[in-house]
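Q: I'd like to ask you about the structure that follows.
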Amino acid sequence: MASNNVAQFAAELKMPAGVLLEQLQAAGVQKASEDDALSETDKARLLDHLRKSHGATDGDKRKITLTRKHTSEIKQSDATGKARTIQVEVRKKRTFVKRDDVAEGAEQGQAQVAEADDDAELKRREEEARREAELLEQQAQELLERQERLEREEAERRAREEAAEAERRRAEEEAAAKRAAAEAAAAQQAAAQQAAEAKQEAPGAQSAQEEARAAAERAAQREAAKKAEDAAREAADKARAEQEEIRKRREAAEAEARAIREMMNTPRKAVVKAVEPPKPVEAPKPAEAKGTLHKPAKPAGAGVQARPAVKKPAGATPATTQAPAAGAGDRNKKPGGGKGGWQDDAAKRRGIKTRGDSSGGVDRGWRGGPKGRGRHQDSASTFQAPTEPIVREVHVPETISVADLAHKMSIKASEVIKVMMKMGQMVTINQVLDQETAMIVVEELGHRAVAAKLDDPEALLVEGETSSDAEQLPRPPVVTVMGHVDHGKTSLLDHIRRAKVAAGEAGGITQHIGAYHVETPRGVITFLDTPGHEAFTAMRARGAKATDIVVLVVAADDGVMPQTKEAIAHAKAGGVPIVVAINKIDKPEANPDRVKQELVAEGVVPEEYGGDSPFVPVSAKTGAGIDDLLENVLLQAEVLELKAPVEAPAKGIVIEAKLDKGKGPVATILVQSGTLNRGDIVLAGSAYGRVRAMLDENGKPTKEAGPSIPVEIQGLSEVPGAGEEVIVLPDERKAREIALFRQGKFRDVKLAKQQAAKLESMLEQMGEGEVQNLPLIIKADVQGSQEALVQSLLKLSTDEVRVQIVHSAVGGISENDVNLATASKAVIIGFNTRADAQARKLAEANGIDIRYYNIIYDAVDEVKAAMSGMLAPEKREVITGMVEVRQVFKVPKIGTVAGCMVTDGIVKRSSSVRVLRNNVVIFTGELESLKRFKDDVKEVKQGFECGMSVKNFNDIVEGDQFEVFEVTEVARTL
C-alpha cells in the first residue's frame, strides 16, 4: 500500500508520527499535521537529510598515485681494482589529490536539484537561505556586540587601574621627596655643626664642609631617580600584561565566532581524526666518507634504541613542531648532495626493518651486539617464562575435535594427543571427542572443564516460546486408524471419504501414511491412515504421537494379530483413548465375541464389560456401523475438550516427506496449533524455507490451514525427517541459523558414534573371521517408506552375511547414485522410484544392477535370496563303501599297498578314506592309487578285490578297515 500522508508513512516505517514530523521539519519539509500529504520528492529530501546527518559520503576516489621507475647502470671499482657494473633502479611515486570534489559535487547536486524542483521549491529554498543568512548575521552581530562590550569594560577597568597607579606613584614620589628633604636638612645641620667645630679647630675646614654637603645632595638625587625608575618599570610591565590578556580574550572570541560559523555552514557529521602514534626519534647518522669501502665504526651508544619522542603539549604551535622534523630531514639527507653510491644501498640493506624489530635493523645479527653482550643475550628476543601457570575455564560442548579442544586451552594439539596416548587412546588432530572424554583431558591438563552448550540458537528458540495470548478455540480431533495388515483400515476410510484409495495401492496394502479431513454433519474429523505391515513400526509410532484418538481396526474373522498388539502398545504409551472397530462383520466366519475376548486379554476392555473403550461392529464393504463409529469418535473428542489457538504462529508435525523431481522437497504436515499461511517461514528439523505452495489432501491449492488440518507444503531447503516438529518463525535468518546448527550437531554426533563403533566392529570382525557384506543403495519415494525398508533389510543381517546400507535417500535414482554404486560395488534398490535416462545409461555401461519394487514384501524376499546365495555352502559327508584289508605288500619306491575286498558299496578313485583299526579312526586322508590287478581303475564295486594305497600313510596292517566317503556341498538358506 502506497503511503499518501504522514501518518501512513509513519505506520509503514513503524515509528511515531510526531518523530517523523520533527525529522521532516529538520529536513526542510514543512508539514504541520499527520494528515498532510507526502510526495515522493518530500521522501527523497528526508532520505537525503538523514544520510547527511549520519555522515554518509560518496566513495569516489579522490587521489591518484603514479609510480615511475628508471633503471640505469654505473661502474664502480672495488678494492682489487676490478670494475663492477651495478644496476641502479630509481623509483618515484607521486600522488595527485583531487581537492575540489566536494565543491564540484555540491555544485552539480545544486544544479540537478534546481532543474528538478518547481517554482514553489525554489521559493522555499530561498526563504530558508534568507532565514539562515539572517540567523548568521544575527549571531555575528551578537558576537560583535559582545566583543565591543568586553573591550569597553576592559578599557574602563584599565583606565581605573592606570589612575590608581598614577595616584600611587604620585604619593610615592611625594614621600620620597619629603624623605630626601629631611635627609638634606639633617645633612646640612650636621655640616653646620661640623663647620662650627671646624671654625673652632682650624680656619681651613670650610672647604671640607662644602664638599660634604654637595656629596649628600648627590646621594639624595640618585636615590630619588632610582625609585622613580623602578616605579616606571613596574607600570610598564603591568600595561604589557593587561594588553596580552586583552589579546588572548580577543583571539578566544574570534575562535568561538569562527567555530560557530563553521558549525552553521557544515553538515552535521563528526569525523574523528586518527591519532598518529609518536614516531621514534632516529639517532643522527655519522657522516660517511664517500668512496670508502670499509664499514665505519659505530659511535658510542649507537646500538641502543632511541627513546620515543616526548608528547607535544596541547598548546604547542606549529612552528615549534616543524623545526625538529626539518632538522631530522636534513640529517637524513644522503651525503654528496643526494647522489647515493652502492655503499648507501648496503646501508639500506643493513637498515631494513623486520617484524618485531623496532630498532630499524640496527645491531641485527649475532655479531651486532654491543661489547660484553652475547648473541643469546638480546633483550628483545629473550623469552621470559610466566611466573605461574594459567588455569583456564574451558566450555566443552557435546562433541569437539582435538584441534578445537587444544585451541580452547591455548596449547598445541600435539599436547592433547600425548595426553590421550598416555590414557591409552590413539587419536588424530581432526578426530571428534565426546563431552566426557574431552572434560577428562581438560582436567588432566590442569584446566577447569565446564559442560556447556555455547552458542546454541535452539536455546533462544525455547526462550522465545512464550504463552500465546490468542484465544483457545475448539479444534477438530485427529484420529489415527491402526491395525494389522489386510484388516481393512484403508477400505474403512475409503467408505468414510467416499473415495477409492485402497484399489490404487500396490499389492492392496498401505505403504505410506495418509492424512485426510472429513466433514460430517456433527463436525470435522482428521484421519491418519497408517500402514499395518510389520516393517512400518516407526510410521505407526509417529501416527500415535500426533493423534488424539486411535481407531483400532480388527478383522472379525482374523482376530488379534502382532501389529494389533503393537498398535495397542503405541496407544497406551501415548495415553490416547482407543475406539475399537470390529471390521468385516458381513463375512460368514466373523466372530466378534472372540475378538472381544482377545482384546480383553491385551488390556482393551469394552464398555459393556465395564471398561472405557467403545466397540463398534462395522463393515467397510456394506457401510454398516460407519455412522455409529463416527458418533463414538466425536463423543470421545467432546470429552477430551480439544482446543488450540487459531490466531497464532503455526506449530505442527511432519507426517510424511518426499522429493519430487519438479516440485523439490515436499512435506505433508499436520498443523496442531495456530494457522499456517502461504509465505510463512517454517523450520522442520534441519530443513527450513518459505511456504511457496500449500495443497490439501485432494491436491487443491489452499492459502491457510488451521489446527488439525493436514496440508502438503513446498519450498523447504531439503527433505525433512518424518516426525520432525514444524514451527513458524518470523525471521528467515534465525531459521537458517538454527537449521545449520542442527545439521552440524547431527554430523558431529554421527562422527563421534562412528568413531566409537570402529574399535568394537574391528574386534567383532577379528573374532568372527571373514564376514560377507551385501552393499545396497536404497532410493524411495517418501521418507517413511525409505525408513521402513532400511530397517527391514538391516534385520536380515546374520553373523555370516550382513546388509550394508551404503546410502539411502528420498527421490529418483540419479547419476550420483550409480557412481556411488560403482565405487562401492552395491546394488541399487528403487522403491516406487525410477532411474532417469543418464543414470540408466551409466548403469548399463558399468554393469550396475538396479532393482525396482513397489511392494515391500518383494524387496525383502529378493534381498533375502541374494544373502542366501552369499552364504558359505554346508559340507556334508556321504559314506559310499567299506573295504577290508586282506593282505599287505611293501613295494619299493611306492610304499605300502593293501590288498582289499570291497565289502559294501562302491569305491571311487576320487573318494576320501578313513583308516579304522579295531573300529577306531587312526587316519583320514585321500586315496593315492586304486588298481585291479595291474590296471588303474576309476571305481570298484562291492564283491571285487582291489589294490589300494593311502597318501602319506604306510602303517597298514591286515584286518584294518577303510571307510570310503565323499564330501558334498549343500546350499544354505537364511
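Every residue, even glycine, has its Cβ placed from backbone N, Cα and C.
Since we're looking at a predicted model, the values are computed, not measured.
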Q: Match it up for me: which of 101-133, 926-958 does Swiss-Prot list as region 'Disordered'?
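A: My reading of Swiss-Prot: the region 'Disordered' range is 101-133.
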Q: With Swiss-Prot as the source, which of 33-36, 529-532, 661-664, 909-912 is set down as region 'G3'?
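A: It is 529-532 that Swiss-Prot annotates as region 'G3'.
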Q: Please identify the range among 508-512, 733-737, 798-802 that Swiss-Prot labels region 'G2'.
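A: In Swiss-Prot, residues 508-512 carry the label region 'G2'.
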Q: Check the region 'G1' (483-490) for me and report the mean pLDDT.
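A: Result for the region 'G1' (483-490): average pLDDT 78.
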Q: Restricting to the same chain and to sequence separations of six or more, state which residues have a Cβ under 8 Å from that of Ile585 (GTP binding site).
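A: Expected: Ala556, Pro592, Pro617, Val618, Ser619, Ala624, Gly625.
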Q: Here the binding-site residues are Gly483, Asp486, Lys489; which one has the lowest number of other Cβ atoms no more than 10 Å from its Cβ?
A: Asp486
Q: Taking DSSP as the reference, which of helix, strand or coil describes Gly483 (GTP binding site)?
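A: Gly483 (GTP binding site) sits in a strand per DSSP.
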Q: When DSSP states are grouped into helix, strand and coil, how many residues of the region 'G4' (583-586) land in each?
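A: Tallying H, G and I as helix, E and B as strand, the rest coil: 0 helix, 1 strand, 3 coil.
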